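S.K.: Could you have a look at this structure, given as C-alpha cells, before my questions?
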Amino acid sequence: MPVESGSSSSASAARHPKQKRKAHSLSIRRTNSTEERPPGMHRDMLEGQDSKLPLSLRNNLLDLFGQIEREFENLYIENLESSHSTSQLSQKLKTTYKASTSKIVSSFKATTGSRAICQLLKEYVGHRDGIWDLGITRTQPVVLGTASADHSALLWSIETGKCVLRYAGHAGSASGDQTAHIWRYMVQLPAPPPQPDATASCDDDPDLSDREDGDLDGEGPGEVPTIRVATATLKSHQGVVIAADWLVGGRQVVTASWDRAANLYEVETSELVHTLTGHDQELTHCCTHPSQRLVVTSSRDTTFRLWDFRDPSIHSVNVFQGHTDTVTSAVFTVGDNVVSGSDDRTVKVWDLKNMRSPIATIRTDSAVNRLSVSTNQRIIALPHDNRQVRLFDMNGVRLARLPRSNRMGHRRMVCCSAWNEENQSCNLFTCGFDRQAIGWNINIPALLQEK
C-alpha cells in the first residue's frame, strides 16, 4: 500500500508540476506563520481529504508536522533575539573604536610635544665610515670632535656644522693601530649663520635622506687643514685602543683596549705609569671622575671596575657584577653616582658610597651603547642599537625620545652621546654608524616640567 501511494504521488506530480510547486510554497508559508491554529485543524484537514493512508500513519504525520512547525517558531524567536544581540555588539564596537581613536590622537599630540622639546638643529656629515665616539673640548675654542672607522678624527664648528680640522695620523680604524695619539690644534672658527626660527618644527627640516653620507655642507675633509703627526704616541697595548680619557688635572690619561687592560700614562713623557688588569674579556670603555682621581672601566665580561688612585701608595679596585651581558659604558656623574649601560638592555644607577646594589634600574627594548649624563640636571642620554635615543632622569623615569623618521635622526645604530650644557642651542650630540653626528636642542626646563 505505501508503494502504490508513492507511485501515485509521483505520477500526480508529473502531471501537475506547477500546482505541486504552488502547494509546496503555500505549505512553507503556513509553516513559517506564527499564528496559532485550533488544536484539531491539521487532523480535520487530513480526515477531510480523500487519502489512502491508514489512520495511524496520518496521526504520526500530523505529530511530525506539528513538531516541525514548533521548531520553525523557535528558530524565528532566536533570530529576533540574535538580531538584538548584534545591535548591542555593534554599539560596543563603535564605542571601542571611538576610544581607540582618542588614544591614537592623544599619542600624536604627545609626539608633537616631544618634538617641540627635543629638536634636531645640526647634522655634521663628512666621515666615510661609521663614527664610534664623539666629545666636546673642555677649553676654548669649544669644538665637537668625532672619531671614525675611516681612520680619521674630525673637529667641527658647533654653530655652523663645518669641519675645521682633520687628524689623519692613525694607521688603523681610529685607534685600531693599538696606539693612542695626543695632538694639538689651532682652529679658526667660521662666523655662525643667522639663528633659525626657534618655533619651527623638526618636520620643516629639508629632506636629508637622499643625501650622500660622505658629503659635507660646503667643503670636504680633504679641503680643510690636516694634521698627520701626533705630539705624543702612547704605545703599550696589544690590541685595539677603544677609549681614552683625561684624569683630573690633565697631566695623565687613561686608555682602554681590547687586550683586556687599561693603561695610565704621563702625558708629557708618554711613560706608562700603571697597567690596570683583571678583566676577563675585552674592555669597551673607560671614564674618569670630573674632580677625583677615580677611573671606571667597562668590559665584555659583564662587569665594570672602579679604580682608586687618590692614595698614591694604594691603588684599590672594586668589581661590580650588576649586568648579564657586555657592559658597554660606565660613567661618573657630578656627585657620588655611577651610571652603567649594557647589551642586556638595562641601565643601572649606582651610589659610590654603597655599590652593593643599584639604586635605580632602567629597562629598555634595545642594547645601550656609550651613554652620557648632563652635568647640571643629571639627565641620562641613552643611544641604542635600534637607532633611537632616549632621555631618562636618575630615578629611571623616562623623559623623552628624540624624534626619528626617514627625514631626520639617525638611520643606523647610535654609538655615543655627549652633553654640552654650556651651549644654549646645541646641548646634546649623538653619532652612529650612519656616518653622521647630530646636534640637538633639548629644552631641559620644559622637559622636566612635563615629567
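Positions of Cβ are set from backbone N, Cα and C atoms, glycine also.
Note that TrEMBL annotation is computational and uncurated.
Pulled these features from TrEMBL for this protein:
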REGION    1-47  region 'Disordered'
COMPBIAS  1-14  compositional bias 'Low complexity'
COMPBIAS  15-24  compositional bias 'Basic residues'
COMPBIAS  32-47  compositional bias 'Basic and acidic residues'
REGION    193-223  region 'Disordered'
REPEAT    234-275  repeat 'WD'
REPEAT    276-317  repeat 'WD'
REPEAT    320-360  repeat 'WD'
S.K.: Is it possible to list how many residues within the repeat 'WD' (234-275) are helical, extended or coil according to DSSP?
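M.R.: Result for the repeat 'WD' (234-275), in helix, strand, coil order: 0 helix, 23 strand, 19 coil.
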S.K.: List, by number or range, the same-chain residues at least 6 past the repeat 'WD' (234-275) whose CB is under 8 A from its CB atoms?
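M.R.: Distal contacts: 132-133, 172-173, 175-176, 178-182, 281-293, 295, 297-299, 307, 309, 315.
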S.K.: Mean pLDDT for the repeat 'WD' (234-275), rounded to an integer?
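M.R.: Within the repeat 'WD' (234-275), the model's average pLDDT equals 95.
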S.K.: From the DSSP assignment alone, can you count helix, strand and coil residues within the repeat 'WD' (320-360)?
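M.R.: Per DSSP, the residues of the repeat 'WD' (320-360) fall into 0 helix, 21 strand, 20 coil.
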